[in-house]
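For reference, the structure is listed below as structure tokens.
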Amino acid sequence: MPILALGTAGSKDDISRMRQAVYWAIEAGYRHIDTAELYRDEEEVGLGIADAIKKGLVTREELFVTTKLWNNHHARSAVIPALQESLKRLGLNYVDLYLVHSPIAVKDDGTAEDIDYSETWRGMEDAKKRGLAKSIGVSNFNSEQIARIIKECEVKPAVNQIEVNPTLSQEPLVAYCRSVEVAVMSYSPFGFMVSRRKHDSSPPRFDDPELTKIAQKYGKNTSQIVLRYLIDRGTTPIPKSTNKDRIIQNIDIFDFSLTDEEIATIKKFNKNTRVLDLIEWKDHAYYPFNKP
Ligand SMILES: NC(=O)c1ccc[n+]([C@@H]2O[C@H](COP(=O)([O-])OP(=O)(O)OC[C@H]3O[C@@H](n4cnc5c(N)ncnc54)[C@H](OP(=O)(O)O)[C@@H]3O)[C@@H](O)[C@H]2O)c1
């Protein structure tokens, strides 16, 4: 799996810019694109990929495309049809990685549904067996939920995609995933350094003095330092941008690496605060964020 992915979740305006953003990203060297049914941009992502292939920038085989099963298709029998719909929108025959977006099953109206995520996982295994997804994984699962899947199911999750950034270092969960060889993808890599619906004023900001000092040492900016921090911790960050300059900046991080001391400095910003807390489902039987 390429260790940096373009994130594509965004506003309505972002969706309209996503075809171009994906093309710029591939042009800049990204080989991994992260989308989801939830983001309503699979069509634009697929068009950006098709443009890049048509222009001869890459072949399909050189790309790694990740998409996700939304929470209202958790019944085993619903997984393959949901993936087939995603593939139709993407204009692809297969995805490289298909993730269960969260362990929380809901009905179409968003209210809780009583479907065990291990049943959903059987559907994911079916999709892999059919060749519709080369690999399968999970997102927003805690360590107990992953342990249960590993114990009960046939195919181990390849990935757990979770929020990791300076104010949410997730050290226990990242360590657990490493111990069972489940790769971690880090979403919302900039955490509260960028403006969010929910506000948190904890440091760092992009002009943070400690990050700036590290950035100056390497001739980089602080956003690049944060992405490198996530890579040097062995995770795959997924920065989202629809801005050409920032798309280019965000991949220009492979000519340096941080020292253990610098990684420790950034880890100190941890406050265990989440950009995405799924709080509307906090009473759901499988709400994942009560435990590491
Ligand atoms: N599995 C899940 O449940 C889950 C949840 C959330 C996110 N994700 C995935 O992870 C991706 C990233 O997460 P995210 O979108 O929440 O947050 P993010 O990538 O941490 O932040 C995106 C924001 O940062 C800005 N930005 C990008 N590069 C920048 C730079 N170099 N300097 C300053 N600002 C910069 C972007 O604006 P511009 O576009 O204007 O550059 C955008 O406003 C998503 O797009 C999605 O693919 C997955």
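Counting starts with 1 at the first residue shown.
Backbone N, Cα and C define each Cβ position, glycine as well.
Automated prediction, rather than curation, is the source of TrEMBL annotations.
As given in TrEMBL:
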| type | residues | note |
| --- | --- | --- |
| DOMAIN | 17-270 | domain 'NADP-dependent oxidoreductase' |
| ACT_SITE | TYR39 | active site, proton donor |
| SITE | LYS68 | site 'Lowers pKa of active site Tyr' |
| BINDING | HIS101 | substrate binding site |
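Feature map: annotations from TrEMBL on the structure.
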residue	record	DSSP (3 states)
TYR39	active site, proton donor	helix
LYS68	site 'Lowers pKa of active site Tyr'	strand
HIS101	substrate binding site	coil
Rounded inter-Cα distance in Å - LYS68 (site 'Lowers pKa of active site Tyr'), the residue listed as 'substrate binding site' | 5
So of LYS68, HIS101, which of the recorded positions has the fewest other Cβ atoms within 10 Å around its own Cβ?
-> HIS101
Rounded distance in angstrom between the Cα atoms of the residue listed as 'active site, proton donor' and the residue listed as 'substrate binding site' = 11
Whole-number mean of pLDDT values that fall within the domain 'NADP-dependent oxidoreductase' (17-270) = 97
